[in-house]
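Asker: As annotated in TrEMBL:
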BINDING   A:ARG53, A:THR54, A:ARG103, A:HIS131, A:GLN134, A:LEU263, A:PRO264  carbamoyl phosphate binding site
BINDING   A:LYS82, A:ARG163, A:ARG224  L-aspartate binding site
DOMAIN    A:5-144  domain 'Aspartate/ornithine carbamoyltransferase carbamoyl-P binding'
DOMAIN    A:150-298  domain 'Aspartate/ornithine carbamoyltransferase Asp/Orn-binding'
Amino acid sequence: MRQDHIISAKQLSRADIEEVLDRAADIAADPGAFADRHDDALLGLLFFEPSTRTKMSFTAAMKRLGGDVVDMGTVESSSVKKGESLADTVRVVEGYADALVLRHPSEGSAKMASDYVDVPLINAGDGAGQHPTQTLLDLYTIRENAGFDDLTIGIMGDLKYGRTVHSLAHALTEFDARQHFVSPESLQLPRSVRYDLHEAGADVREHTSLEPVLSELDVLYVTRIQAERFPDESEYREVAGEYQIDAGTLADAKDDLTVMHPLPRVDEIDHEIDATEHAKYFQQAHNGVPVRMAILDMVLEGER
Amino acid sequence: MRQDHIISAKQLSRADIEEVLDRAADIAADPGAFADRHDDALLGLLFFEPSTRTKMSFTAAMKRLGGDVVDMGTVESSSVKKGESLADTVRVVEGYADALVLRHPSEGSAKMASDYVDVPLINAGDGAGQHPTQTLLDLYTIRENAGFDDLTIGIMGDLKYGRTVHSLAHALTEFDARQHFVSPESLQLPRSVRYDLHEAGADVREHTSLEPVLSELDVLYVTRIQAERFPDESEYREVAGEYQIDAGTLADAKDDLTVMHPLPRVDEIDHEIDATEHAKYFQQAHNGVPVRMAILDMVLEGER
Amino acid sequence: MRQDHIISAKQLSRADIEEVLDRAADIAADPGAFADRHDDALLGLLFFEPSTRTKMSFTAAMKRLGGDVVDMGTVESSSVKKGESLADTVRVVEGYADALVLRHPSEGSAKMASDYVDVPLINAGDGAGQHPTQTLLDLYTIRENAGFDDLTIGIMGDLKYGRTVHSLAHALTEFDARQHFVSPESLQLPRSVRYDLHEAGADVREHTSLEPVLSELDVLYVTRIQAERFPDESEYREVAGEYQIDAGTLADAKDDLTVMHPLPRVDEIDHEIDATEHAKYFQQAHNGVPVRMAILDMVLEGER
């Protein structure tokens, strides 16, 4: 893989993805071997939206490689509020760092910003757009737990607004996975995503209930249904309640079903599942470190 | 000392405390010898409340040991505001770091959080609960300046709400100190703390004025009386004024009286005292670095 | 140069300035030679006002020297809001770091703070006062692009409130530059600054339009005219519009005219200029790193 920028999971071929996952596996197996690999490198962090997992795991990843970060801080503490354009901000900050990570609320902002800079830029989420490093850590977690051979995955919850889900579904078409989408009717896949998956030759089915497909699944990927998507609180509660899982729900699942969630969760997965072998969502979050180390290692390597 | 987590000063025996203070003294005497001690270690910072001294000194301590930090940032910039539970947050963040420091507004939160993680967790203040590293740096400062032999200490100000004071008073029972508590009646020690000290065999007396005991003191520990504890501003001013000290107040004190304060101070200690030999409150704040280096060194050592 | 604190550009002689610029040039030519120079040093960051460029470039500079930072964070996340005085805050924080960088909204605050600490303190902007490291990076950029010999500079925009401009103008008197000031009448140089420049023997002229002097300029330094300086929006737009430059404006300029701006810009410089050889404002921002590395290297060297 030789990538100047990491903007979208769609830019990555199956070979690219496997190269990242293989390197991440090497890192996870022997992190000490990578501890001084990018000793003098600085990563610029530009987070225009709140983030815990993504920002902390990029920071940990860079520091586990021996490097360090230079953080813009919150929008409120920066000169962005003085009216500076994103193009100007990234052109300034590229002078302070060897690579940039950008999270921004506007779809397409990462691509636009990447056109202005010479250092590699990694998209850490652009609104309803892409979040490729999340997709890669999701794929890593799937490969680690279920493997890609003959994979059947269920993706449940908010399929309309969840960029994580769109990205993952698209990437899974590279691995010939059978995909079952489970959601309330009002939160089904957008037409454009459905079309896109169809074009990519995906094996996709849509459902309004988990029950009929649960027993076939190797992986169940749960996402949060947000109250603000519904006209009122009571309607939200009624709908959301049907897409929550607990130990009872999983009674009919395969013994080795892997349950994933991009986090934060609220009520979608009952806490009693945390202690079961199914629960891989914390491991999934932790996988952000080796996967982002692999990505940083590759883009910084390209810079040398 | 082999501690998985540092939750409360009460968990520490006299031997534990002295082990920390001895190591802190070793570090203060030759910081260079510890400069690369935890080169590849990361400390996760989870501050759910504002902090200057505690957060900065933990950061400095970790970096003086050669390590680095991964900071959640403010609650506003994190996904906590999306409704994630503390248990979930710490289980995610433990994947990014080798130890955690937690400050949280709810009493008992540190103990609860520690039950969910495998890496060592250090309580940096849990509401009205404990703040053990503050107690250790207070003890270090007392030992350094007055010693523990035949120690007489006065603790003055808000004794009702000050967790710092409760923790310190309890720890001092391990050293057979004579303790004089000086406060307005409305801010006296809570019954539970008084009982607790009594059970521990403490030599404790309570006063509403500093004057009768001042001349006996080796250490005077001053805390801030907060306006919000009083029904109105005028009552606050009247009461608070009686518990402020200036050069005149200290005329009858021992020449080597050590004056301490956990900071920030507002009007409790007049600035004219800053230049006197009595003033040890800035040194006390600075002691946060070697003491926290010692604590981090011990918990990270346990991890290897 | 042996400076305990860097408070004002006015404290720097021509020889001091050239020593900094020479060291910055050495660093820019071979940054690797400085990569481990201050391995065990910590820089305390105290930013009481928002900042992107200054804070990030100090951070990058310190880390490029092998050192690290300890950041107070925003005022909201610190104990400053509990009413602690600046004098107390700096006396606490000096215990956590080997040097301090302070940005504060009150003019004179950096000088005041420096009187309370033993470690070197660098002023990173004190309200309407000084911002000496900005002046040094401006001078570095001028020297790099136009040189100081027989220099003619135009300084345009808000000359009344811009501390950057006052500082730079004063420093340029050390280099016998011809200075043309271009601004609306309501935003001309304050009397005190004009007097000060006169006393320093400056060759200064004032204009309300760029046109008559443009063709003579080697450097054009543009600053932002802020809407809040005007009684109403329409008056602001009318005036500001006359002090914006685009490719057309520069038709009569020298081919090697250097255009600078302290950033952030809003509309003062049209984006079509970004791609021309005139545009040096991003390079100017980037120069913050080697220049601040040079300054930090000097003050930390003094500390050893």
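Heads up, the Cβ atoms here are built off N, Cα and C, so glycines get one too.
Curation plays no part in TrEMBL annotations; they are all automatic predictions.
Values in this document were obtained by computation on a predicted structure and should not be read as measured data.
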Asker: Can you count the other CB atoms that lie within 10 A of the CB of A:PRO264 (carbamoyl phosphate binding site)?
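Answerer: Summing over all protein chains shown, A:PRO264 (carbamoyl phosphate binding site) has 21 other Cβ atoms within 10 Å.
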Asker: Give me the non-local Cβ neighbours of A:ARG163 (L-aspartate binding site): same chain, 6+ apart in sequence, Cβ-Cβ under 8 Å, ordered along the sequence.
Answerer: A:GLY125, A:GLY127, A:ALA128, A:GLY129, A:GLN130, A:HIS131
Asker: Is it possible to get the count of other C-beta atoms within 10 angstroms of the C-beta of A:ARG103 (carbamoyl phosphate binding site)?
Answerer: 23
Asker: Least buried of the binding-site residues A:ARG53, A:THR54, A:LYS82, A:HIS131, A:ARG224, going by other Cβ atoms within 10 Å?
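Answerer: Looking at the binding-site residues A:ARG53, A:THR54, A:LYS82, A:HIS131, A:ARG224, the Cβ with the fewest others within 10 Å is that of A:LYS82.
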Asker: Quick one: of A:LYS82, A:HIS131, A:GLN134, which binding-site residues have a CB closer than 8 A to some CB in chain C?
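Answerer: From A:LYS82, A:HIS131, A:GLN134, the ones near chain C are A:LYS82.
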Asker: Measuring Cα to Cα across A:LYS82, A:ARG163, A:ARG224, which the record gives as the L-aspartate binders, how far apart are the two most distant ones in Å?
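Answerer: Between the most distant Cα atoms of the L-aspartate site, 35 Å.
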Asker: In angstrom units, rounded to an integer, how far apart are the Cα atoms of A:ARG53 (carbamoyl phosphate binding site) and A:LYS82 (L-aspartate binding site)?
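Answerer: On Cα coordinates alone, these residues lie 28 Å apart.
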Asker: Across all the protein chains here, work out how many other Cβ atoms are within 10 Å of the Cβ of A:LEU263 (carbamoyl phosphate binding site).
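Answerer: The answer is 21 other Cβ atoms.
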Asker: Which binding-site residues from the set A:THR54, A:GLN134, A:LEU263, A:PRO264 come within 10 angstroms of A:ARG224 (L-aspartate binding site), judged by C-alpha positions?
Answerer: A:LEU263, A:PRO264
Asker: Using a 10 Å radius around its CB, how many other CB atoms surround A:GLN134 (carbamoyl phosphate binding site)?
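Answerer: I count 22 other Cβ atoms within 10 Å of it.
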Asker: If you measure Cβ to Cβ, which of the binding-site residues A:THR54, A:LYS82, A:GLN134, A:ARG163 are under 8 Å from chain B?
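Answerer: Listed in sequence order, the binding-site residues near chain B come to none.
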Asker: Distance between A:PRO264 (carbamoyl phosphate binding site) and A:LYS82 (L-aspartate binding site) at the Cα atoms, whole Å?
Answerer: 32
Asker: Just report the maximum Cα pair distance in Å for the recorded carbamoyl phosphate binders A:ARG53, A:THR54, A:ARG103, A:HIS131, A:GLN134, A:LEU263, A:PRO264, no decimals.
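Answerer: Between the most distant Cα atoms of the carbamoyl phosphate site, 17 Å.
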Asker: Could you put numbers on the helix, strand and coil content of the domain 'Aspartate/ornithine carbamoyltransferase carbamoyl-P binding' (A:5-144), residue by residue per DSSP?
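Answerer: For the domain 'Aspartate/ornithine carbamoyltransferase carbamoyl-P binding' (A:5-144), the helix, strand and coil counts are 72 helix, 23 strand, 45 coil.
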Asker: Measuring Cα to Cα, how many Å separate A:THR54 (carbamoyl phosphate binding site) from A:LYS82 (L-aspartate binding site)?
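Answerer: With the alpha carbons as reference points, the distance is 26 Å.
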Asker: Pop the Cα-Cα gap between A:LYS82 (L-aspartate binding site) and A:LEU263 (carbamoyl phosphate binding site) into the table, whole Å please.
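Answerer: Spelling it out, the Cα of A:LEU263 (carbamoyl phosphate binding site) and the Cα of A:LYS82 (L-aspartate binding site) are 33 Å apart.
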Asker: Taking just the CA atoms, what is the gap between A:GLN134 (carbamoyl phosphate binding site) and A:LYS82 (L-aspartate binding site) in Å?
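Answerer: Distance (Cα to Cα, whole Å): 31 Å.
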